[in-house]
Amino acid sequence: MSGYIKNFLKFQPLLSELVARDIKIKYRRSVLGVLWTLLNPLCMMIILSIVFSNIFKFDVENFPLYVLSGQVIFNFFNDSTTSSMSSIISSASLIKKVYVPKYLFVLSRVVSSFINLLASFTALLLVMVATRAELHYTAFLSVIPLMMVVGFSLGVGLILAALTVKFRDIIHLYSVFTTGLMYLTPVIYPMSILPEKIKIIVMINPLTNYLIMFRDLMMGNTLPSLSSFLIGLAEVAAALLLGVYVFYKNQDEFILNL
Amino acid sequence: MENDTIVKAEHVSMKFNLSSEKFDSFKEYVIKSIKRQVSYDEFWALKDVSFEVKKGESLGLIGLNGSGKSTMLKTIAGVLKPTEGKVSVNGNIAPLIELGAGFDMDLTARENVFLNGALLGYRRSQMEEQYGDIVAFSELAEFMDVPVKNFSSGMVSRLAFAIATIGTPDILIVDEVLSVGDFRFQEKCADRIQKMRDHGTTILFVSHSLEQVLSICNRIVWLEKGHLKMFGDAEEICKIYAES
C-alpha cells in the first residue's frame with residue numbers, strides 16, 4: 001500500500017501537468033477562454049428556461065435556478081465520464097513508450113472536469129444573487145453531494161476507460177446512454193410530475209439522489225435525510241471499488257489492445 | 001556498492017496474442033466466444049531471456065529486426081509486463097522517448113518541456129532549473145513558444161533528446177534514437193551519452209550500427225527470434241555477430 005502512495009506522490013506533478021494541458025487545450029484560441037465554462041451553463045439555462053417556462057409551465061419556484069443546479073451536477077457527470085472513457089485510448093502513444101501509472105489519465109480528466117464544475121458552480125451562485133434567491137448556511141454543506149458525484153464519476157470513469165480499450169463500441173453507445181440518463185434525472189422537470197412507476201426508476205438513478213441533496217442544501221435550506229446520505233455514500237463506495245477493481249484487473253492488457 | 005546489479009532479467013518471456021487484434025467490437029467478441037472461435041495465435045516475442053547488468057556497465061542489445069530488442073527494453077522500462085519471468089530494476093529510468101511520443105502536438109515547446117519532465121518524474125521546480133540547459137542543448141531558443149505540431153521531425157527529436165537526458169538518471173534507455181537529426185547533432189548526442197556514462201549512468205542501447213554499439217557499450221545481449229543467443233563482453237560478441 002505504501003508503495004502505491006509513494007508512486008502516486010512521485011507522479012503527482014504529472015497529474016497537475018495533465019490537468020493544465022486539458023484546460024489549456026480546451027480554451028486555446030478562444031477569445032473568452034476560461035470564461036466559457038461560466039457562460040456555457042448560463043446560456044443553456046437561458047434557453048431551457050425560455051423553452052420550458054413557456055411551453056410546459058412546470059410548477060417550480062425560480063425555474064432558471066432549478067435548471068441550472070440540475071445542469072451543474074449532470075453536466076459534470078457527463079463531461080467527466082465521457083472524457084475519462086477515451087482517456088486511455090487517446091494516450092496510447094504515451095502508454096506504449098513510458099511507464100506511467102495509467103489511472104492518472106482517468107484521474108486527470110475527472111480533475112479537469114471538476115475545475116469546470118467549480119466554474120459552473122460560480123455561475124449558479126451568480127444567478128442566485130441575480131434572482132435574489134435566499135442564500136442559506138446549508139449551502140456550505142452542498143460540498144458533500146458534490147464530492148459524492150465526483151467520487152461516483154471517478155468510479156464510473158475507471159470502468160468505462162478500462163472497458164473501452166477492449167470494446168470501442170462503448171464510445172458510440174455511451175452518448176446515447178447519457179442522453180437517456182438525462183431524462184431519468186430530474187434536471188429539467190420536477191419530481192412531482194412523474195407518474196409512480198417512472199418515479200421509481202428515476203429514484204434508482206444514483207444521480208437523482210445527489211441532485212436532490214444538492215438542491216435541498218443550496219436552495220431549500222433543508223438537510224438531506226440520513227438514509228439518502230448513507231445510500232449516496234454506499235453508491236460512491238460501490239462505484240469506486242468496482243472501478244478500481246475492473247481497472248486494475250485490465251490495465252496490464254491495455255497495451256496489447258491499444 | 002560499486003558492482004551492484006542494476007537491471008536483472010530472469011527467464012523473461014513475453015507472449016502476444018495475435019488474435020487479440022481481431023475483435024474490436026463487442027458483437028464480434030460475443031459471437032466468437034459463443035462459437036469458441038477465439039483462436040490463439042500465440043507469438044512469443046521473448047522466450048526465456050536472462051541477463052544482468054551491473055552498475056556502471058552499459059548494455060547493447062543487438063539482433064535483426066523482429067528479434068525482440070524493443071520488447072526487451074519495454075519490459076525493462078515497465079511498459080510491458082512479462083508473461084513469465086521477472087525483471088527487477090534498481091534505480092530510476094529515463095526512457096528516450098522516440099521522436100517525442102510524449103509530446104502533445106497542440107502545446108508549445110515550452111509547455112511540452114514541463115509536461116515531458118513530469119512524465120519522467122521531475123517536479124516543476126526541478127524542470128525550471130533545467131529549462132535553460134534544455135533550450136541551449138536543443139538549439140531551439142527562438143521556437144519555444146511555437147506549438148510542436150509546426151516543428152520538423154528533427155526539431156522534435158532534438159527537443160525530446162534534450163529533455164530525456166537532463167539530470168543523471170541511473171538508467172538511460174536509448175532505442176535507435178541516434179539515427180535522427182543531422183550528423184552534427186548526432187555527434188552532440190553521442191557525446192552527451194558518453195558523458196552520462198562517465199557519470200555512472202547505465203546505458204541500455206539498441207542500434208543496428210555495430211560501430212555505435214561498440215563505442216558506447218561494454219556488454220552485449222544478442223537476441224535472435226526472441227531467444228538469447230549470446231550474452232557477454234561487447235567486443236567478442238560483435239566479432240561473432242559481424243561474421244554471421
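Quick reminder: no glycine exception, Cβ is built from N, Cα and C everywhere.
Residues annotated as domain 'ABC transmembrane type-2' in TrEMBL: A:32-250. The feature transmembrane segment is assigned by TrEMBL to A:31-56, A:103-127, A:139-165, A:171-191, A:226-248.
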Among the ranges A:31-56, A:103-127, A:139-165, A:171-191, the one whose Cβ pairs under 8 Å to the transmembrane segment (A:226-248) are most numerous: A:139-165
For the transmembrane segment (A:103-127), sequence-distant contacts whose Cβ falls under 8 Å of one of its Cβ atoms, 6 or more beyond its ends: 11, 14-15, 18-19, 22-23, 26, 34, 37-42, 45, 64-65, 68-69, 71-72, 75-76, 79-80, 83-84, 87-88, 91, 133, 146, 150, 153-154, 157-158, 161, 218, 247, 251
For the transmembrane segment (A:139-165), distant same-chain residues with Cβ under 8 A (at least six beyond the ends): 73, 76-77, 80-81, 84-89, 103, 105-107, 109-110, 113-114, 117, 121, 171, 174, 206-207, 210-211, 213-214, 217-218, 223-224, 229, 232-233, 235-236, 238-244, 246-247, 249-251, 253-254, 257-258
